[in-house]
Amino acid sequence: MTNMTLRKHVIYFLFFISCSLSKPSDASRGGIAIYWGQNGNEGNLSATCATGRYAYVNVAFLVKFGNGQTPELNLAGHCNPAANTCTHFGSQVKDCQSRGIKVMLSLGGGIGNYSIGSREDAKVIADYLWNNFLGGKSSSRPLGDAVLDGIDFNIELGSPQHWDDLARTLSKFSHRGRKIYLTGAPQCPFPDRLMGSALNTKRFDYVWIQFYNNPPCSYSSGNTQNLFDSWNKWTTSIAAQKFFLGLPAAPEAAGSGYIPPDVLTSQILPTLKKSRKYGGVMLWSKFWDDKNGYSSSILASV
């Protein structure tokens, strides 16, 4: 091999190494999850997904279920499930999925009447969710024939009993040919008082921790350490594929925990993205994101 040929090989090798070092790691890339459904002025599902800013959409909320109650979907001003006017969102769910966006049905929320009375009750609820929102069959599917990607646990009321049974039962449906994603939105104090047992089942794919309305474990007045300590506790204690930093999309969206976009992108995300379990950012909610433009401000850094 001539000296000139050797020099060319060395140059190509160094160029390859420099490109490899400068390329962002796939592990550090994240997506944005958004809650949609609780304000009729936030646009429809198709418009939400067409923004190109979101990788996950949680349709919120199924507010009533369990203990023999007739399940009730509440989509605020978007439609009236009781009058069967929400079925047109089925085509919009499919539109989102065609863009590679995962769409989940979110259970619970801060207002509602939900609980699980027993292991048998958990199975009844799981069967209802399978037949009405997932891959099963029912004549009364609230969102039409769309097959959602999974179920989100946003449990903020009631008893901690049997949410683990529901998670285990739902996960079994994945064996029917299509993956059923399980996601959860616990409060940042660890362990979550209502969802702790469910999250310990190791059945959850994504966990978007609510780092707001809980000052001891969220950002406040330039203090990032409480948030970092809580993040580390969650990511080292719970066996989930990915964890997300859950935030209010505007100061008015929560009582505390709002992080200015420049602080998030410069002081917080660079640290969180070092975690191999980092998945991205979750925002509450689409309505507040529209008002404040938060996702647009942070998207390139997520």
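Quick reminder: no glycine exception, Cβ is built from N, Cα and C everywhere.
The signal peptide feature in Swiss-Prot is assigned to 1-30. Per Swiss-Prot, the feature domain 'GH18' maps to 31-302; the stated evidence is sequence analysis. Per Swiss-Prot, disulfide bond is recorded for C49-C96, C79-C86, C188-C217. The feature active site, proton donor is assigned by Swiss-Prot to E156, with sequence analysis given as support.
When the C-alpha distances from C49 (disulfide bond) to the recorded positions C79, E156, C188 are tabulated, the minimum falls on C79. For C188 (disulfide bond) paired with C86 (disulfide bond), the C-alpha to C-alpha distance reads 33 Å.
In the predicted structure, the domain 'GH18' (31-302) carries a mean pLDDT of 98. When the disulfide-bonded residues C79, C86, C217 are compared by Cα distance to C96 (disulfide bond), the shortest distance belongs to C86. DSSP assigns C49 (disulfide bond) to a helical segment in the three-state reduction. In terms of C-alpha distance, the listed recorded positions C79, C86, E156 place E156 closest to C217 (disulfide bond). Under DSSP, C86 (disulfide bond) is assigned to coil, being neither helix nor strand in the three-state scheme. Separation of the C-alpha atoms of C86 (disulfide bond) and the residue listed as 'active site, proton donor': 25 Å, rounded to the nearest whole number.
A helical conformation is recorded for C96 (disulfide bond) in the three-state DSSP classification.
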